[in-house]
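*Asks:* Have a look at this one.
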Amino acid sequence: MPVSKCPKKSESLWKGWDRKAQRNGLRSQVYAVNGDYYVGEWKDNVKHGKGTQVWKKKGAIYEGDWKFGKRDGYGTLSLPDQQTGKCRRVYSGWWKGDKKSGYGIQFFGPKEYYEGDWCGSQRSGWGRMYYSNGDIYEGQWENDKPNGEGMLRLKNGNRYEGCWERGMKNGAGRFFHLDHGQLFEGFWVDNMAKCGTMIDFGRDEAPEPTQFPIPEVKILDPDGVLAEALAMFRKTEEGD
């Protein structure tokens, strides 16, 4: 008795097209309608793994890690230089959920850059900022501004060590006027020194010392006087 074989079912044409359109693994350039394109690895139709994304309108280029369609891991972002037109690196570091997160270096200009911690694409944690005028800030950051304990070293060598809040000197701190050989220690509010003591400090090595040294003034209880003045100031601030 002859045995009949069932004909093998062929794949529907639309299923074949859909299967071939699915992006998985390494792919060459995949273009978007607006001209943006991506070269790299895919998983389940989204960018995942190593890859390079180019944004046509801005000229921005990201090279690095991707997870489920977002920049995640280590990567470098480059933008066109407004003067030369050539791409220059503006950020190298870690990303999470398409935002700068973890340790990274951000270049704001040829002589101005930040190296340190990031959270949600904002400077947050510990970091060091090199300003174009030669000043350097090193310390804690929050919401893209110095906040917490930190030191600002000015180009001329003078420096402030102490508390910061919202990008300004706020709280207890010391300012070393090394150019004049003096040290101020006291309390600041929004970059203004409100109360404290000034003494000579390194006056013999100062390039421009004051004409006369600060005379020694003896108070029976200098710490108590300063504490009382500080308490009065804080009370006034609370009343306002």
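Cβ atoms are placed via backbone N, Cα and C, with glycine included.
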*Asks:* Out of 101-135, 206-240, which range is noted as region 'Interaction with TP53' by Swiss-Prot?
*Replies:* 206-240
*Asks:* Do you know which of 6-35, 36-65 Swiss-Prot annotates as region 'Interaction with MDM2'?
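*Replies:* Comparing 6-35, 36-65 with Swiss-Prot, region 'Interaction with MDM2' matches 6-35.
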*Asks:* Under 8 Å between C-beta atoms and at least six residues away from its ends: which parts of the chain pack against the repeat 'MORN 5' (137-159)?
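*Replies:* The answer is 116-117, 122-129, 131, 165-168, 175-179.
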*Asks:* What residues in the same chain, six or more past the boundaries of the repeat 'MORN 7' (184-205), come closer than 8 Å to it by Cβ-Cβ distance?
*Replies:* 162-163, 168-178, 213-214, 222, 226, 229-230, 233, 237
*Asks:* In the predicted model, what is the mean pLDDT computed over the repeat 'MORN 6' (160-182)?
*Replies:* 96
